[in-house]
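Chemist: So TrEMBL lists the following for this protein:
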- 10-64: domain 'HTH cro/C1-type' (DOMAIN)
- 84-102: transmembrane segment (TRANSMEM)
- 108-127: transmembrane segment (TRANSMEM)
- 148-167: transmembrane segment (TRANSMEM)
- 173-192: transmembrane segment (TRANSMEM)
Amino acid sequence: MIDDQLSQQLKAKRIASSLTQQQLADRLNVSRKTVSGWETGRSLPDIDTLRQIARIYKVSLDQLVSDPQQLESKEMMAQPQLSSIHRLTNNILIIILAVLVAERVTQYAIRAAFLYMDVLIVLILGLRIAISKYGIKRVNPLKSPAFLSGYALFTLAAIVGAITYLFNMGFGFQYGIGFSGYLALFNLFLIWHHRNE
């Protein structure tokens with residue numbers, strides 16, 4: 001046995017790709033017996049063949065030849081730490097949410113003002129989820145058009161609502177919504193400035 005770990009990986013990846021030994025052999029222009037030899041550990045493919053196999057399986061060469069546990073620990077260590085602007089945005093969203101919920105619970109206003117506040121709270125909750133580890137994963141959430149559009153919408157709604165004294169909301173609501181809107185505007189400016197660095 002040459003390398004039991006590699007032979008097991010080759011077989012597992014082939015099976016996961018729903019290929020038979022013969023189908024893989026045909027794609028690599030080798031015999032089925034050669035593929036069988038790789039998977040039983042009697043022989044090893046050369047580096048060019050490993051690259052072709054990785055391409056067929058749609059994995060990196062490192063994923064193909066590395067021990068899965070070592071690969072997971074490497075990936076955990078390689079995960080980038082959240083940038084300072086990402087942490088700041090996360091904290092600002094939490095502060096805005098706390099202010100809005102505190103105002104919603106402690107202030108008295110007409111029904112329309114409560115509904116307006118509820119809409120703003122739902123918007124902030126959605127934004128907070130979007131930048132969390134459960135939200136937008138494939139791209140940096142702070143560069144996502146969906147996140148930025150939602151944040152701009154919240155900012156505009158909060159500032160306009162506070163300035164126009166929308167729904168005769170009362171001073172407490174007006175102050176809480178205005179503070180949240182201006183804090184979000186400040187944060188949007190920081191995000192924009194950070195993107196252009």
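Placed from the backbone N, Cα and C atoms, the Cβ positions cover glycine too.
Since this is a predicted model, take the numbers as computed values, not measurements.
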Chemist: Can you count helix, strand and coil residues in the domain 'HTH cro/C1-type' (10-64) using DSSP?
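Modeler: Reading the DSSP string over the domain 'HTH cro/C1-type' (10-64) gives 39 helix, 0 strand, 16 coil.
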Chemist: Which residues of the same chain, at least 6 past either end of the transmembrane segment (84-102), have a Cβ under 8 Å from a Cβ in it?
Modeler: 117, 120-121, 124-125, 127-128, 131-132, 140-142, 176-177, 179-180, 183-184, 187, 190-191, 194
Chemist: If we skip the immediate neighbours and take only residues 6+ beyond the ends of the transmembrane segment (108-127), which ones have a Cβ under 8 Å from one of its Cβ atoms?
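Modeler: Cβ under 8 Å, 6 or more out: 93, 96-97, 100-101, 147, 150-151, 153-154, 157-158, 161, 166-170, 172-173, 177, 180.
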